[in-house]
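Quick notes on the structure that follows.
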Amino acid sequence: MTMITPSSKLTLTKGNKSWSSTRCGAFLLLHLVLQPWQRAGAQATPQVFDLLPSSSQRLNPAALQPVLTDPTLHELYVISTFKLQSKSSATIFGLYSSSDNSKYFEFTVMGRLNKAILRYLKDDGKIHLVVFNNLQLADGRRHRILLRLSNLQRGAGSVELYLDCVQVDSVNNLPRAFSGLTQNPQAIELRTFQRKPQDFLEELKLVVRGSLFQVASLQDCFLQQSEPLAATGTGDFNRQFLGQMTQLNQLLGEVKDLLRQQVKETSFLRNTIAECQACGPLSFQSPTPNTLVPIAPPAPPTRPTRRCDSSPCFRGVRCTDTRDGFQCGPCPDGYTGNGITCSDVDECKYHPCYPGVRCTNLAPGFRCDACPVGFTGPMVQGVGINFAKTNKQVCTDVDECRNGACVLNSICINTLGSYRCGPCKPGYTGDQTRGCRTERSCRNPEQNPCSVHAQCIEERQGDVTCVCGVGWAGRAGYVCGKDVDIDSYPDEELPCSARNCKKDNCKYVPNSGQEDADRDGIGDACDEDADGDGILNEQDNCVLTHNVDQRNTDKDIFGDACDNCRGVLNNDQKDTDGDGKGDACDDDMDGDGIKNILDNCPRVPNRDQQDRDGDGVGDACDSCPDVSNPNQSDVDNDLVGDSCDTNQDSDGDGHQDSTDNCPTVINSAQLDTDKDGIGDECDDDDDNDGMPDLFPPGPDNCRLVPNPAQEDSNNDGVGDICEADFDQDKVIDRIDVCPENAEITLTDFRAYQTVVLDPEGDAQIDPNWVVLNQGMEIVQTMNSDPGLAVGYTAFNGVDFEGTFHVNTQTDDDYAGFIFGYQDSSSFYVVMWKQTEQTYWQATPFRAVAEPGIQLKAVKSKTGPGEHLRNSLWHTGDTSDQVRLLWKDSRNVGWKDKVSYRWFLQHRPQVGYIRVRFYEGSELVADSGVTIDTTMRGGRLGVFCFSQENIIWSNLKYRCNDTIPEDFQEFQIQTFDRLDN
């Protein structure tokens, strides 16, 4: 463990010049600056423990134990410098038990939630959590943090957090720490975060004693001195001191920049030398000098009587009789000798083969094997020294880069006999596993693939998608045409083949499903005779089914041709199991094989008929499955029966504590991936694969999918098993509306709950809801009492958008949408009135509606009834009922038969709300950042009050817990106003 003190010397060199000689004035300045403080009274010198030792050192955590358990220790500092990828999470450092992995002390960054968490062991053996909110620590930038812990040995301690030299948070009255630290030095283990690509941990130090000013200076931070000094000096001295400190800070910054540059240059040179092919030893052999063919020794004297007929010569050698006997010719090719005796020549000694290729000597001749892998050329075979010298084997390097060895659009480096694949070429992104595709970026105009009329969106893992802007429609944001009614279909056909390139069959009426019953090219939404039977829709008893005779046996409002119960009056046409037979005449409404009269859940399939509480209502549809409530009363419409509804909700997320899977953590969605009864928001291992989500030995690279081996072939920090589908719901992340929630994949309001907000009296009728386009469009046809159509899906953070259109000219009342719905007394509503009007029933109070858009928080003590009805109508606050959070200052009402697009952002964890309205492509209303925490999440839906023929088209929702950037700006402005 390295001990560092502020008095340690530092000498740098630049070229042949000592940096200390050129910058000696800086140390003189430091000496002059510190003199007044030394005169004012010496402070204890800080002890600094470097927790990032070099690889040659081995950290001994036991050395920290006497420091942390020192009863005289009043202050403790932890300083760190690091960089984390955007939205990532990591445990920066921590002390753990090496025997059972329990925590003693730990600091974790949760980038997705913009939080940091400090955990430490209390006296009672439990872990205490200190949460720092709204911190931008995981954004791909280098950050410096300083933790100041005071009086943690005594109790009633405090923690201060400094980020990049600025105090951002403090927490007081903390319980005692470190007293429970084990006395066995071998049982303590120090861990730092596991590095990912593009992450680094540059500095991690523990500092004891010393002042905050002294410790901050270790990070080149010069904070205002908090301790009173014995001799502070005059105001002129303070100004002079601050000026000197500023100069010193700049000087130290130059030193650090110089060091970083030198390190980069050294690393570059080292890597260049290591990879240089020409710098290593050559791999070929020098040719052997030519050798002379030995001269055959003189033939021995021939016996006078020996002739060629005795075959005295070597086989194949020509023999000639002479006067003195015989004469042999030269040895055959591949041999050497005197003609009588011939020996095989080893041609391989003359290196006829390509270097590295095996040469085989034959009798006679030689043979070269095939060229090595990565080379091409002929196999050489021949006889004789001359042939071996003049017919050398030639092997030519194969250029694999021309043969597609690497993926398209990547760098390919051809080497002698081989090749090497590099990264993608400039302008492309990817790797050798996934391929290299054209680099697309929303931040660089040259790499932005989107239409000029489209919005560019950067998705998970850097993917880019395009979405046509408001008032435009087309193919995935690449080709966009004008869209007057904002239903995602262009007014005129576009030059592309996608479905959304076709011409809108109702140009001025939004119909995102493009329904056309008679296939005449005119959509049902704007066709006066939608079924083409010659009878106008207003008189037709089957609007979408051709029936000239208009026969109607049961005399309800639906003709026999389209009536799902021809002999039974059923104006609601409800068909629970979708079998074409209406519930009114279907003896098995839910299609589970059990007749209605015997079925304990007639409208919910449940073959097992389980009924734990024995109240005659099956568990599948029982609002209190463990408490008998045969009447199923649910006054507040929260899907929890009155008999078991406690209305005790500690975290305010809409789920009472007795059923909440995270009672003290906001999680309205109640997502529990591993079904262990603990919600993901408070579960350390969401997928139960043994790899913790965040803490060591994690983080889990597939948090929602079991993968204990953590395979990650491209080292991008995301496991192979969840690379393109993070929640493994069979819908790829690019089109998944909730990529981290397998229970939500697409926008769908086909299943909804109707809530009547004025159930008493007969002033008006209840709303009539019609759902189209597979749950992405809702129509309300009646002039009705206030009412809601609420989806069953609950959300934490959410983005909700849709097109709003009043398709009539005969009324002027309220229409809008809701979010954060928890029960019929608790929800947010955005509502729009066309004209000013006093409600016609003055009981219980006179209610006046003003024109314009209003954002209201409903928290009614009475619930549905005349009080809530008049409070919703009235523009303004009403006691114990409704609060007006924002109103459009233009006081402009909606226009008849005009389409508007709304965008809502709700982040219940911080209370962030913002809603915007567009008319065509023009922004006409913006609430700005509005903060309210009345409802901490909930369900979505639509709202109407005394207004008929409302269309909510092209509805879209998306899970989103990311805090928008303007929230930080809003906080800064708010703090500035408070300071002033």
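The backbone N, Cα and C atoms fix where each Cβ goes, and this holds for glycine too.
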Going by Swiss-Prot, which one of CYS348, CYS353, CYS359, CYS395 is joined to CYS371 by a disulfide bond?
CYS395
Determine, on the basis of Swiss-Prot, the cysteine among CYS562, CYS585 paired with CYS565 in a disulphide.
CYS585
Consult Swiss-Prot and report which candidate among CYS328, CYS331 shares a disulfide bond with CYS313.
CYS328
Using DSSP, what's the helix, strand and coil tally for the repeat 'TSP type-3 3' (551-573)?
0 helix, 0 strand, 23 coil
Per-state residue totals over the repeat 'TSP type-3 5' (610-632) - DSSP helix, strand, coil
0 helix, 0 strand, 23 coil
Within the predicted model, mean pLDDT of the domain 'EGF-like 1' (304-343)
88
Checking distant contacts: for the repeat 'TSP type-3 7' (671-710), what same-chain residues at least six beyond its ends satisfy Cβ-Cβ under 8 A?
88-91, 94, 96, 101, 103, 106, 108, 110, 191, 194, 660-662, 664-665, 717-722, 726-728, 740-743, 796
